[in-house]
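K.L.:
Relevant sequence annotations retrieved from Swiss-Prot are reproduced here:
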type: MOD_RES; residues: Met1; note: N-acetylmethionine
type: MOD_RES; residues: Thr2; note: N-acetylthreonine
type: MOD_RES; residues: Thr14; note: phosphothreonine
type: CROSSLNK; residues: Lys47; note: SUMO2 cross-link
type: MOD_RES; residues: Lys47; note: N6-acetyllysine
type: MOD_RES; residues: Ser142; note: phosphoserine
Amino acid sequence: MTEWETATPAVAETPDIKLFGKWSTDDVQINDISLQDYIAVKEKYAKYLPHSAGRYAANGFRKAQCPIVERLTNSMMMHGRNNGKKLMTVRIVKHAFEIIHLLTGENPLQVLVNAIINSGPREDSTRIGRAGTVRRQAVDVSPLRRVNQAIWLLCTGAREAAFRNIKTIAECLADELINARKGSSNSYAIKKKDELERVAKSNR
């Protein structure tokens, strides 16, 4: 037998994909069992950059498979003047994650996941009625909408905090995520969530 036949095949190891080359997804825990299918953060969804150019709006529920950091990045591209500037928002998120790591010493992905879990309202009120009589009725919120609303509230809070402020939007996003992770009332998202749940409770 020649040495070619006896040689053991080299096993190509898959490289460990880290977000921005720094943050690993392996140790990220999703403590809320109802949101585990809707927060895409596991190895399967790992990306070097939060930009996959996927067609997530093609089907309902497809966006649940969009990596959660990419959903945050896309949500930061709001208000006309920032529409389509994804490179700018990727840079903002990267900077915010570095600030979070400096302030907390934790994996920023874990901080983001915890902030989303804490910021999603569990109960909301909807309008029910016909022929002129409208009343509000408390309803449970689906897991996907909880994630959608949490991301929207976190981004809105960061955007409003940075407006006419000396702090950069990356610093405001980092503060918002850290406060939401703690459940602090300094967070815009937590305040809004509590308000929505309070209104829903009064409409039960």
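Placed from the backbone N, Cα and C atoms, the Cβ positions cover glycine too.
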K.L.:
How many whole Å apart are the CA atoms of Lys47 (SUMO2 cross-link) and the residue listed as 'phosphoserine'?
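P.N.:
The Cα atom of Lys47 (SUMO2 cross-link) is 27 Å away from the Cα atom of the residue listed as 'phosphoserine'.
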K.L.:
Near Ser142 (phosphoserine), which residues of its own chain have a C-beta under 8 A away, given they sit six or more steps off in sequence?
P.N.:
none
